[in-house]
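Encoded as structure tokens, the structure appears first; notes follow it.
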2 protein chains.
Amino acid sequence: MDGEGNSNHIGGMNDLENEGFLDGKEIERYWSEISEKSMIMYKEPLLTKRRNTTSQIAIVGANVCSIESLDYEIVENELFKQDWRSRKKAQIFQYVVLKWALALLIGLGTGLVGFFNNIAVENIAGFKLLLTSDFMSKKKYFKAFAAYAGCNIGLAAAAAALCAFIAPAAAGSGIPEVKAYLNGIDAHSILAPSTLFVKIFGSILGVSAGFVVGKEGPMVHTGACIASLLGQGGSRKYHLTWSWLKYFKNDQDRRDLITCGAAAGVAAAFRAPVGGVLFALEEAASWWRSALLWRTFFTTAVVAIVLRTFIEYCWTGKCGLFGQGGLIMYDVSAATETYSGPDILAVLFLGVVGGIFGSLYNYLVDKVLRTYSIINEKGARFKILLVVTICILTTCCSFGLPWFSKCIPCPTDPAVTCSTESGNFKRFQCQSGYYNDLASLFLNTNDDAIRNLFSTSTRDEFRISSLFIFFAAIYCLGIITYGIAVPSGLFIPVILAGACYGRLVGRLFASISKLDTGLFALLGAASFLGGTMRMTVSLCVILLELTNDLLLLPLIMLVLLVSKTVADCFNKGVYDQIVKLKGLPYMEAHAEPYMKHLAARDVVSGPLVTFSGIEKVGNIMHALRTTGHNGFPVIDEPPFTDASELCGIVLRSHLLVLLKGKSFSRNQVHCGGEILRKYAALDFAKAGSGKGMKLEDLNIEEEEMEMYVDLHPITNASPYTVVETMSLAKAAILFRQLGLRHMCVVPKSQGRPPIVGILTRHDFMPEHILGLYPHLSPHK
Amino acid sequence: MDGEGNSNHIGGMNDLENEGFLDGKEIERYWSEISEKSMIMYKEPLLTKRRNTTSQIAIVGANVCSIESLDYEIVENELFKQDWRSRKKAQIFQYVVLKWALALLIGLGTGLVGFFNNIAVENIAGFKLLLTSDFMSKKKYFKAFAAYAGCNIGLAAAAAALCAFIAPAAAGSGIPEVKAYLNGIDAHSILAPSTLFVKIFGSILGVSAGFVVGKEGPMVHTGACIASLLGQGGSRKYHLTWSWLKYFKNDQDRRDLITCGAAAGVAAAFRAPVGGVLFALEEAASWWRSALLWRTFFTTAVVAIVLRTFIEYCWTGKCGLFGQGGLIMYDVSAATETYSGPDILAVLFLGVVGGIFGSLYNYLVDKVLRTYSIINEKGARFKILLVVTICILTTCCSFGLPWFSKCIPCPTDPAVTCSTESGNFKRFQCQSGYYNDLASLFLNTNDDAIRNLFSTSTRDEFRISSLFIFFAAIYCLGIITYGIAVPSGLFIPVILAGACYGRLVGRLFASISKLDTGLFALLGAASFLGGTMRMTVSLCVILLELTNDLLLLPLIMLVLLVSKTVADCFNKGVYDQIVKLKGLPYMEAHAEPYMKHLAARDVVSGPLVTFSGIEKVGNIMHALRTTGHNGFPVIDEPPFTDASELCGIVLRSHLLVLLKGKSFSRNQVHCGGEILRKYAALDFAKAGSGKGMKLEDLNIEEEEMEMYVDLHPITNASPYTVVETMSLAKAAILFRQLGLRHMCVVPKSQGRPPIVGILTRHDFMPEHILGLYPHLSPHK
């Protein structure tokens, strides 16, 4: 529970209900789960006139979790300052070396996982497809379908079971969760080791099962999980508590690592190191500094080198069915690159329509997700059932639709492997020397289907009708697949649908535009990506690194700009939308217009619980027990000072450690020196997510309740402050830019208490503000 | 003069002297110039114990200018709020459209200038080189030298004259100045129209004169100047005051435009649109938000399209001697890209040594710049003399050194134009069918020389001895050329030296590494760039876009990381170094370690001049006259309020407008409503650099001095504040991240005045802090 924003779970529930997530039954279940906590919390009546009614729970993956804020602010208390001062050059050197070593390990780990993912998928799916086409070539059509469907359902059920029983947080793309984490929202399960495990294997099984999902989004989440695991500062459980690691026991360093991890994920997924850095910068991170750019770049360089080494190793045929593609996944550089006026018009048309399709995609994904979350709430069995249903649907589409396509004679080019069992041109029901174009798209891995669509100088490889059927099927399947309890990326479905759409447009415009249909497919993919994800530079670079055609850059930029602009007229980017839908309290980079009309004091909620510099243990215990606040202002009162003055802010986690150590005194006297000697900074280091000390771990005797404890050594004397009249818009931007958890509101006039309230993340949420001031219009 | 940081010019001079810029005579001259101002300023004795002794002047280009801070903070006073509330949807739409229209214009303008630059250089230099080789082929060696030297000296003298007499601020690269501007430092001449003019033509003349300078740095400055010109909000002088433009009369919007301009500059210079965006992000900008990423990207896309259109037009031979190269300037994609262990070792060696050479380059450039600034200070004639001297030296090198090289028979490949007058292989003194390799490097434009060095599959095109001579000459000439009074970029000299170094290493390692020497040249250029500029992602992408070899990406990343790491052990990046050398008060992104030991109150300098909410005109005039402060806290006192309270902060420029309008009242009463009716927000809009109202423009009668004026409507009620105990390190980061000009320091205890001081940029400068606390070690 977080700062002031903890007050009312019931309100939170109503919020969810309004969002359309849950119906009556769920609410009852939630209520029974949460009421216990609430009982503790609301023993005392709330004293303030204003309460924060925003939710403290959110959906992570396919599960509802309680959420916290992260402490990205650098705490400057006496204890930590003493620690800094005492750090020797050698220790600073250790820290720097370790930072780079961790970046190296993240790169290595993510690169290895990315490569393993690829090999596993190509081998499992390859085996399945070989089996099917083997039966097909023997005209045993029913057996072929049974084998294909059986493999698919088995793989899908396995993926769903992993996800439902072990780590529901691993469902979905994971990019919204990583984005939320980097924005300062913590839920234990986002980056837990079990999530990592399920993300890797669930993704392999899911992609192999023939779902229209990608392994790219999950790779980003995987990279972040690996980074988080490395950034835990060792593990006491497994006796991995190397003293060097202690420097990383804080949220700022973990944030840096996880940013590197997200970049490494993209780099591994698309073999696009520069694209990875830009993705982390443009989409994932809420907070950036130039040193991070460099470290991220290093991490993705390591990923690129790892991938390159292994791919080179596999060229010798040692990796089973894996083998296609080097660092460039879909090389289109062979196509000629001149273009003229009509081409640009065709491309503009492509961008506009792509933008509309993209925003429609977002709209439909949103609707489907809301429906699915109702099903997913019903329990693990329903999750699995949903997955299997979608799997059967997908299987029927991909095996059934190719029957509608007629056989096409193989191209005469001897370089093309056609109508064999392993080539990209699938024979399906056709006789030797002919291929089925729809089967070449449907009965292939997603990567190979994209490669087919991007292939240049092959204008008539696919019939217009086949392209149309494939486009419609993939567009719809992509929408209904996202949200099931399987790790599922959004990139590949969007690229597939977009590439098919682009190729279709290319064929339709063949009379006026001389651009290659493969290039049209690439531009179509760009337009869909721009329309759904709304990234610009990072998508552009990722596409470049995927396709190795630098000369197409101006056209790709144009398409991305057009489709993003068009799509922005309708709704938000898909990740932003999912973040909002999941109820994650994401701080936007810009302030809402109505915030300009409010001041900081207008949204502060209470009651404000403050401590004296030397406070009675009983008071602290009472406050910790009766509130969920995470930060408490410390105020020195006369006679210790001339007037009451703001000393700083003390964190709940630090208080717990101090109380556990029982450095109490019988009288109200300074005993900071003793505390500084007794404790090391490491004692107060922030443990990994979900591992911190709890109030129940304390064991305070009755008589100790009457004793005093000196809070000065652990009080952060440099809290960020705003004057109460500061406009809320500016306060919100400040809060977000600095990645704060608590922001002190100080009075503007003499003679009042030195602090009038604390703002936290939840106080900036539109639901809270518009709840307090319903007359404000959210759009002006 | 800025905020509190205005106090002592003499101190500033001493600072400059310590930096080694000036000697006794200059100081006397400065002193006479500045003492007049100082007289006005110090009529009253300073009341505070602490004064800020950092300088208010800095070197811009080759000239000393007075500097100011920019107002990047959004002012939220009643007048502006009223304006926002009254803005209709149509006006918001106007604003958005205009923002994009300006981005489009910046892209168009910069693209056109970039193209014009290229054509002009290739034609002028091409004519010169044709003339020379014409004489050479007729064995008229002396005439050839005379023609070559005459052209060079004439062009150089013209460039120097333009620079010395019209716009000294146009000398040098301009990137440090743009960087400083985007950091919040304003000097009128940085982005003045005259600077733009000289930057364009001076750069053309300078590059054509055969100097070892690039046109890339100046293009960045040019882009920024174009953006600034467009962002002036029209011009009253030329009756271009379209009402739409008024929305851009503020520093925030100008900053956005100039960021776009800098990106467009790189995009135009290297034909690298993505690299341009990343350059702006990584090197130029101090402040970034994600919307800006998109706009910058749009601008550079426009540049790319403009360039592509014109280059295509020129392929038909309509642009004189211009014609080489499409969007990819130096295509190396023909080379094979496999590499193995020994190659990587060679590349690591290349990176380490390149890093050392790069940091040595920075060190020497710094020394040379200090020397040159002494010469440049002596006046315009000395500037021109220096330029001509360097020109003669360069000419002698480039005409003289090729004589040491022996003739080489032309390669048999018929595709290579060799030993003709226009080809890249120059005949020089050789007979037909032979070429002189050194002349092919020296007697070419810099672009063609780089193209020669990057050329693949031509291992023996240049002799090792020739490469060594060229490397030594270019490395030294590059160092002594930067700093003369000519627009001169650093990219090209570094790329030239680096490419030559790389090719040399490639030749030396030929026995163990199979990488193409052209690729070695590329990696060598990368290592030098990494070693001097210390950028990572942007350099990587720029190099990719220059050379179109995506498969080399892992190696380029490796080289950049190694060379940057090595060079960072010795000194700072060349632009950072030049910024510091020029005395620009640049705010770093990180705080210095010693700042952790200080609190905000420890560096506040005074005296603090405050106003009442309704203040006597005479008091305001006195304060404006006797201080140079730019922001004044406004405090409401009893009987208007219960206790004295902080109302906000009022800017000097707004005060001047208010006083000019003479909305005075005889008694101390609120008359805010009247002011709100009388003034429009536009009246207070910030005019372009150097155009604002001055104190001398006011004409206040004696009797009006006794009247009162209500400051509330123009008081920014949302100033950023820190508590006095806030650690200076955190305050500095806050100041930089938010791009502030004034930061209010508030007391931590009850009963004291509601504000205890104001921090400005100069208060965070190491010179000031270490001056106050000399016992602090700057390195721990």
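Yeah, the Cβs are placed from backbone N, Cα and C, and that goes for glycine too.
The shown structure was predicted, so the numbers you read here are calculated from the model rather than taken from an experiment.
The transmembrane segment annotation in TrEMBL covers B:92-109, B:145-170, B:190-213, B:257-280, B:292-311, B:344-364, B:384-404, B:464-484, B:550-570. Residues or ranges marked as domain 'CBS' by TrEMBL: B:714-777.
At the 8 Å Cβ cutoff, the transmembrane segment (B:464-484) and the transmembrane segment (B:384-404) share at least 3 close pairs (sequence separation 6 or more) and count as touching. Contact check: the transmembrane segment (B:145-170) against the transmembrane segment (B:344-364) gives fewer than three Cβ pairs closer than 8 Å, residues 6 or more apart, which falls short of the contact criterion. Nonlocal intrachain contacts for the transmembrane segment (B:92-109), taken as residues 6+ away from its ends with a CB within less than 8 angstroms of a stretch CB, comprise 223, 226-227, 230-231, 244-245, 247-248, 253, 256-257, 260-261, 264, 295, 298-303, 306. Here the transmembrane segment (B:384-404) has Cβ contacts under 8 Å with residues 144-145, 148-149, 152-153, 156-157, 159-161, 164, 209-212, 372, 375-376, 428-429, 436, 438-439, 442-443, 469-470, 473, 477, 480-481, 484-486 of the same chain, all six or more residues outside its ends. Assigned with DSSP, the residues of the domain 'CBS' (B:714-777) fall into helix, strand and coil as follows: 23 helix, 13 strand, 28 coil. Over the domain 'CBS' (B:714-777), the average per-residue pLDDT in this prediction is 89.
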